[in-house]
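Novice: Mind having a look at this structure? Questions to follow.
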Amino acid sequence: MTQKLPLALFLMGPTASGKTDLAIRLRQKYPVEIISVDSALIYRGMDIGTAKPDAQELALAPHRLIDILDPSEAYSAADFRRDALKEMADIVAQGKIPLLVGGTMLYFKALLEGLSPLPAADPVIRQQIELEAEKLGWQALHDQLQQIDPVSAQRIHPNDPQRLSRALEVYRISGKTLTELTQTKGEAIPYRVLQFAIAPKERAELHRRIELRFEKMVESGFEEEVKALYARDDLHPDLPSIRCVGYRQMWDYLDGHGTLDEAIYRGICATRQLAKRQITWLRSWDDLTWLDSENVDQAVETLSNAIASNEISCV
């Protein structure tokens, strides 16, 4: 008889949709352990602007894969998949269920479908690219990438030499673009995955939540948090950490661009745009059960029934 794969739960949703609150309620009812799926929560010292769970919430429901990196460090979808699979195996070994919670859809996709193996770094080609950059400038190399791989060029900033160099290197080694290779699925996740997404039914309600949360962040000291990052000499606005929604707008304000009120407004607008992209991605997701942010009790019941039907007992 074939042994069943272990169960894992995905709880996705746009920013400010109530994912954390729902996850904590599940943690109190079932033997689940939470793994964060968020490209901003990985950074230490970025607590307020990321709406990171506070000490009380973490005491009720510890989260794995938060506060694992300094803001100066980079982290890829492949890094996340490796780390998440390790944490999931540890949770299952304890007889519990991995509950993956967050809004970084690329991480969920990488975990669920796997990633195609990219060619190993080639020091000779890497050096050629760096010499070209010294001679022509990174903008010229970005223009090259725009010609061969416009999709990657759109998401890689000209002032992000590490990712720009890698995209060009992959093409020169393999003859295929980074976009082509990453669209090829890798090894599927070795779990039975139940997938859920939570969001308000009305867009206006999500916008209201986003605005209220951003204003609360500012009241809680968000400006001071970004000032502490700004004061460091190893951080700059082209790093993935500083490009996080809210941080980039506050950083621009500290750089002398506009007023604080304008930075707050731009931060709210950027957060709305992020939520729109997240919802667009989720609408194309297969095998997804939607939950209503404004009816958390019903959401808990839906998840409870799904867990129970998969023969997982309550604690």
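Quick reminder: no glycine exception, Cβ is built from N, Cα and C everywhere.
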Novice: According to Swiss-Prot, which stretch among 52-59, 116-123, 276-283 corresponds to the feature region 'Interaction with substrate tRNA'?
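Specialist: In Swiss-Prot, residues 276-283 carry the label region 'Interaction with substrate tRNA'.
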Novice: Which range is it, out of 30-33, 38-41, 86-89, 290-293, that shows up in Swiss-Prot as region 'Interaction with substrate tRNA'?
Specialist: 38-41
Novice: Inside 10 Å of the Cβ of ALA16 (ATP binding site), count up the other Cβ atoms and send me the figure.
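Specialist: Looking across every protein chain shown, the total is 25.
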Novice: DSSP on the region 'Interaction with substrate tRNA' (162-166): how many residues come out helix, how many strand, how many coil?
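Specialist: Once the DSSP states are binned, the region 'Interaction with substrate tRNA' (162-166) shows 5 helix, 0 strand, 0 coil.
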Novice: Starting from each candidate's C-beta and looking 10 angstroms out, tell me which of the recorded positions LYS19, ARG126 has the most other C-beta atoms.
Specialist: LYS19
Novice: So if I draw a 10 Å sphere around the Cβ of GLY18 (ATP binding site), how many other Cβ atoms end up inside it?
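Specialist: There are 18 of them.
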Novice: Can you give me the same-chain residues 6 or more apart in sequence from THR15 (ATP binding site) with a CB-CB distance under 8 Å?
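Specialist: Residues satisfying the criterion: ALA51, GLY103, ILE210, VAL245, THR271, LEU274, ALA275, GLN278.
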